[in-house]
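**Student:** Can you keep this structure in mind? I'll have questions shortly.
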Amino acid sequence: MIISSSTDYREAARRRLPPFLFHYIDGGAYSEHTMRRNIDDLADLALRQRVLKSVGTVDISTTLFDEELAMPVVLAPVGLTGMYARRGEVQAARAAEKKGIPLTLSTVSVCPIEEVQAASNRPIWFQLYVLRDRGFMKNALERAWAAGIRKLVFTVDMPVPGARYRDAHSGMSGPNASLRRIIQAVMHPTWAIDVGLLGKPHDLGNVSAYRQQKTNLADYVGWLGENFDPSIGWKDLEWIRDFWKGPMIIKGILDPEDAKDAVRFGADGIIVSNHGGRQLDGVLSSARALPAIAAAVKGDLTILADSGIRSGLDVVRMIAQGADGVLIGRAFVYALAAAGQAGVENLLDLFAKEMRVAMTLTGARSIAEISPDSLVRGL
């Protein structure tokens with residue numbers, strides 16, 4: 001099929017993947033209103049086209065946490081990425097390195113920290129959840145630092161897992177889930193051979209390394225779900241701030257008061273995020289939450305944003321709203337599932353091209369020149 005956008009990669013991924021995997025990455029919480037608003041609210045932000053602004057060259061590079069990026073895009077942490085392509089986290093890390101940006105490795109990746117970092121000459125970022133098992137958290141941090149990772153993304157919007165109705169219907173969970181997944185795999189032989197057989201081991205690499213025993217999909221649902229800690233507060237995170245010597249980025253901020261708390265805590269950055277609409281349905285989209293947060297803490301720390309970003313135009317929109325950069329999750333996983341490393345590389349090329357076109361037509365020659373004036377106000 002012809003690939004010209006992330007939407008095309010989504011369709012290609014749908015064709016290739018067993019339904020339980022496609023709907024796991026494609027779905028959101030409850031009735032998925034917030035997931036849809038993430039996309040729609042970004043699309044509703046009208047770019048302000050300008051003409052004759054002498055935009056001879058456009059520079060989309062930027063610097064985040066003293067790290068130079070070819071464009072203000074980071075691959076977001078996505079659990080089970082290694083189930084979407086053979087050793088998927090490794091392929092994603094290589095694609096990101098080739099295009100001059102970092103991958104953020106999920107706590108619950110299939111490939112462990114050491115395997116992924118060894119595959120890339122560029123230091124990846126690492127994402128960690130707040131978990132009851134502090135021993136696991138400390139072990140993961142120590143291993144990440146030893147591997148050369150210096151950027152920590154700390155996810156705080158998951159004290160309990162969100163209810164994702166699609167998972168029960170698709171076979172990720174629900175009655176006879178294991179049998180349903182096997183049947184689906186048999187009906188998708190290309191994936192079954194390439195990933196199901198040749199992509200083993202299919203365990204949670206970082207969890208297995210800590211527990212010194214193999215893990216599986218049941219552990220992803222069981223062990224992880226049992227370890228989320230709703231009692232956590234900012235004070236409980238102080239040991240991590242003291243332990244981790246590199247930049248620490250708090251992921252899951254939707255309210256200006258929480259952003260101010262992150263500043264007081266000493267975070268180096270925040271990620272304005274609703275977990276892609278996968279946690280609490282009915283909350284603000286990231287695009288709508290971002291302006292008030294930027295007004296509250298811009299200049300005090302680095303502001304990143306995710307959720308709903310499907311194109312380079314969306315990147316420009318988020319930056320115009322006050323973000324310093326963005327993370328993309330679903331979009332790159334669709335591309336990875338459809339075409340592996342080459343798919344992610346092509347997707348990032350599409351994002352870069354779309355950014356350059358949008359910046360040229362709004363009169364911005366650099367990331368620094370993207371501002372609220374790049375959008376039409378009052379709409």
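Just so you know, glycine gets a Cβ as well, placed from its N, Cα and C.
Keep in mind that what you see is a predicted model, and the values were worked out from it rather than measured.
Pulled these from Swiss-Prot:
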DOMAIN    1-379  domain 'FMN hydroxy acid dehydrogenase'
BINDING   Tyr24, Tyr129, Arg164, Arg278  substrate binding site
BINDING   Ser106, Gln127, Thr155, Lys251, 306-330  FMN binding site
ACT_SITE  His275  active site, proton acceptor
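Walk me through where these features lie, including what they touch and how far apart they are.
**Tutor:** Contacts of Arg278 (substrate binding site) defined by a Cβ separation under 8 A and a same-chain sequence distance of 6+ are given as Gly27, Gly28, Ala29, Met35, Gly162, Arg164, in order along the sequence.
For Val326 (FMN binding site), the count of additional Cβ atoms within 10 Å of its Cβ stands at 26 [all protein chains shown].
Less than 8 angstroms from the CB of His275 (active site, proton acceptor) sit Thr155, Asp157, Met158, Gly162, Gly252, Ser307, each of them six or more residues away in the same chain.
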**Student:** Between the two most separated Cα atoms in Tyr24, Tyr129, Arg164, Arg278, the residues recorded as binding substrate, what distance in Å do you get?
**Tutor:** 19
**Student:** Could you check which of these binding-site residues, Ser106, Asp306, Arg310, Asp314, Met318, Arg330, sit within 10 Å of Tyr129 (substrate binding site), going Cα to Cα?
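**Tutor:** Final answer, ordered: Ser106.
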**Student:** Cα of Arg310 (FMN binding site) to Cα of Tyr24 (substrate binding site): how many Å, rounded?
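**Tutor:** Given the Cα positions, Arg310 (FMN binding site) is 18 Å from Tyr24 (substrate binding site).
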**Student:** What number of additional C-beta atoms lies within 10 angstroms of the C-beta atom of Asp306 (FMN binding site)?
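**Tutor:** The answer is 26.
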**Student:** Closest to Tyr24 (substrate binding site): which of the binding-site residues Asp314, Met318, Gly322, Arg330, going by Cα position?
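**Tutor:** Sorting the binding-site residues by distance from Tyr24 (substrate binding site), the top entry is Arg330.
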